[in-house]
Amino acid sequence: NNMASSATLRLSVIQRHLSSQRREEVSGDGQGGVGVEERCGGARRGCEGVVWAATGGGERQDGQGSDNNPLPSLPRRRQEVLKWNGWGYKDSQFVVHKEKDYYVSFTGNRYKIGNLVLPHFANWVRETLGVNFDDCTPPQPPPQPQHFPQPTIQQDFLDEIQTLGITHSLEGEDRLFRAHGHTLAEIFTLREGMFPRIPDLVVWPKNHSEVEKLVDLACRCQTALIPFGGGTSVSGALLCPEEESRMIVSLDTSQMCRILWLDEKNLTARIEAGIIGQDLEKQLHVRGYTTGHEPDSYEFSSLGGWVATRASGMKKNIYGNIEDLVVQVKVVTPVGTVERYTAGPRLSAGPDVHHFILGSEGTLGVITEVTIKVRPLPIIQRYGSIAFPDFASGVSCMREVALHRCQPASIRLMDNEQFKFGHALKPPTGLLGLLTDGIKKVYITRIRGFDVNLMCVATLLFEGCEQEVTSQEKRLYAIALNNKGIPAGEANGERGYMLTFVIAYIRDLGFDYGIVAESFETSVPWDRVYTLCHNVKHRIKSECKAKGIQHTFVTCRVTQTYDAGACVYFYFAFNYRGLSDPVHVYEEIEGNARNEILGCGGSISHHHGVGKIRRQWMNQTFSEPSLGAIRAVKQYFDPDNIFANGNLL
């Protein structure tokens with residue numbers, strides 16, 4: 001059985017790791033015959049633990065990958081499998097049907113919710129957001145070739161990349177796909193209009209050397225470069241500045257997607273930065289390893305993008321955020337390649353150059369390679385959930401769990417609105433399921449006295465060996481009991497984890513029926529978590545009422561916990577029928593919500609980054625000398641503003 005075989009694999013990996021037997025060194029031909037010892041970095045004389053080196057990868061001309069590095073899950077022309085004007089895969093979406101009444105289903109089989117009818121969701125949408133399913137506004141069709149903005153061409157640049165043999169495209173579809181991320185404003189523009197400026201050219205370098213050539217060429221030809229990873233940005237980071245008069249080139253890193261080597265002794269791997277999360281994990285899992293880094297976007301976002309935005313993952317409690325996982329970074333800038341030669345676990349040698357790159361959001365250069373920590377796959381993965389009578393009790397429990405540092409891999413607290421939203425997405429259940437649900441409801445509401453309009457739920461994910469997981473469960477459920485919480489079952493935890501990946505698809509359905517929706521996040525000290533959640537939701541509802549918006553949905557969840565605070569995620573949607581400019585209205589409301597966040601002691605972002613939409617709050621985040629230092633770093637690395645995406649400042 002699959003569970004048994006995967007557990008056996010994980011155990012064998014751990015045993016192999018603990019073994020003192022010297023591992024045989026491997027050489028790969030993926031770097032033109034360069035051996036593993038030479039590639040591992042100048043500070044390491046040998047790489048005894050390296051058991052896997054690159055032999056290929058990317059989209060080769062023969063259309064084949066290699067055993068060590070298979071073809072990417074997403075083709076170079078991503079619009080072949082991904083939506084051009086929405087989130088995710090073309091074959092995966094929420095769809096409204098009408099028989100006697102309206103109902104909603106989710107298409108495709110990529111997710112557990114796929115090909116299932118969701119009998120409660122249509123009613124929830126009608127009651128909460130006032131949707132009239134007879135009033136549908138579909139998006140505009142894909143643009144015709146003549147409707148794309150005409151490209152600005154720097155002929156010397158174009159001639160030389162043709163001479164160098166670097167893959168490139170002037171096609172409107174390729175340019176448009178890389179002109180945006182996934183903010184509300186960007187997707188609304190795709191559905192209703194066109195961006196005034198999109199990249200003039202797309203290039204796909206295959207390795208670090210080709211990136212060096214492209215950056216050097218851009219400097220000589222005075223061409224602007226915007227690095228592109230997975231395109232999942234929600235900060236406006238990929239938008240082309242309208243005032244840029246130079247040719248803008250989108251440098252797509254997706255073909256730099258190999259794992260160059262894996263070192264089992266030191267539990268590190270050298271990986272090209274264009275690899276997307278799902279491919280990275282698939283390739284590591286085959287060999288019994290994981291990075292453990294799972295942002296909500298990990299199906300589509302890239303390793304380089306994680307570094308460039310200081311990303312955080314759902315399982316950071318065990319594996320850490322991206323800054324905790326990075327060992328080395330290689331970045332091509334206009335003044336040369338930036339890297340730290342030593343691969344030691346810690347360095348005391350002045351300011352860490354990595355922190356110039358982490359969070360730089362494509363303003364300094366192109367991240368080409370990253371050495372990252374890996375871990376053996378956990379032997380056991382178990383879900384759980386806890387029900388609380390109210391949000392305050394849930395926050396108190398989260399604080400106590402963090403205080404005792406006994407967090408499982410993931411622990412996330414949903415407020416009451418999100419709890420009811422999740423319930424609306426439940427598929428139909430048989431008679432036994434109905435009976436079980438009825439018993440649970442009776443127990444929670446009548447015996448325990450919970451109010452379904454106040455209660456909230458925390459979803460849990462435990463990872464480790466049997467002994468570790470059992471011990472964690474016992475300790476965590478005891479803390480929950482002290483905070484009025486009760487275990488609510490494994491199924492709720494697993495569903496909550498799965499919904500993380502499909503919730504982004506709901507916004508596209510909402511657009512069709514006059515609903516705009518967005519998410520935003522912050523980090524905040526523990527003593528202000530509850531107050532911030534309450535005040536921000538109240539501020540949003542008040543702003544909506546003042547603007548005459550009748551139907552709104554505002555919810556939050558506490559998603560990551562730390563010694564000194566937590567990350568809080570907000571979801572906000574409203575019915576925009578009757579409003580002439582819903583995007584502007586939304587941006588005004590979110591701007592005021594962000595002011596409320598800052599007033600309550602929160603940050604401008606925990607992991608989404610600054611991009612362009614949060615630049616205005618940078619002077620409330622850092623002092624002027626601090627901002628001056630950021631400007632000075634930009635001026636040194638990129639004096640001619642080649643990396644001209646306009647992010648951060």
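For all residues, glycine too, the Cβ spot is worked out from N, Cα and C.
Listed features, source TrEMBL:
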- Y569: active site, proton donor/acceptor (ACT_SITE)
- 227-233, 309-312, 361-367: FAD binding site (BINDING)
- R507: substrate binding site (BINDING)
- 195-377: domain 'FAD-binding PCMH-type' (DOMAIN)
- 55-74: region 'Disordered' (REGION)
- R412: site 'Important for enzyme activity' (SITE)
* To do: Using C-alpha positions only, work out which of the recorded positions R412, R507, Y569 is nearest to G362 (FAD binding site).
  => Y569
* Enumerate same-chain residues with a sequence separation of six or more from the residue listed as 'substrate binding site' and a Cβ-Cβ distance below 8 A; give 'none' if the list is empty. => G86, W87, L184, I187, A517, E518, A573
* When distances run from the Cα of Y569 (active site, proton donor/acceptor) to each of the recorded positions G230, S233, R412, the nearest one -> R412
* **Residues that sit under 8 angstroms from G230 (FAD binding site) by C-beta distance, when 6+ apart in the chain** => I276, G277, S297, F300, S301, S302, G305
* Structure fact -> One should report the C-alpha separation between S233 (FAD binding site) and R412 (site 'Important for enzyme activity'), rounded to whole angstrom, as 22
* Structure fact -> Out of the recorded positions S233, G362, Y569, the residue with the smallest number of other Cβ atoms within 10 Å is Y569
* Roughly how many angstrom lie between the C-alpha atoms of G365 (FAD binding site) and R412 (site 'Important for enzyme activity')? -> 35
* To do: Between the Cα atoms of A311 (FAD binding site) and R412 (site 'Important for enzyme activity'), find the distance and write it as a whole number of Å.
  => 17
* Asked: 10 Å Cβ neighbour count around G365 (FAD binding site)?
  -> 27
* Asked: What's the CA-CA gap between P227 (FAD binding site) and R412 (site 'Important for enzyme activity') in angstrom, rounded?
  -> 32
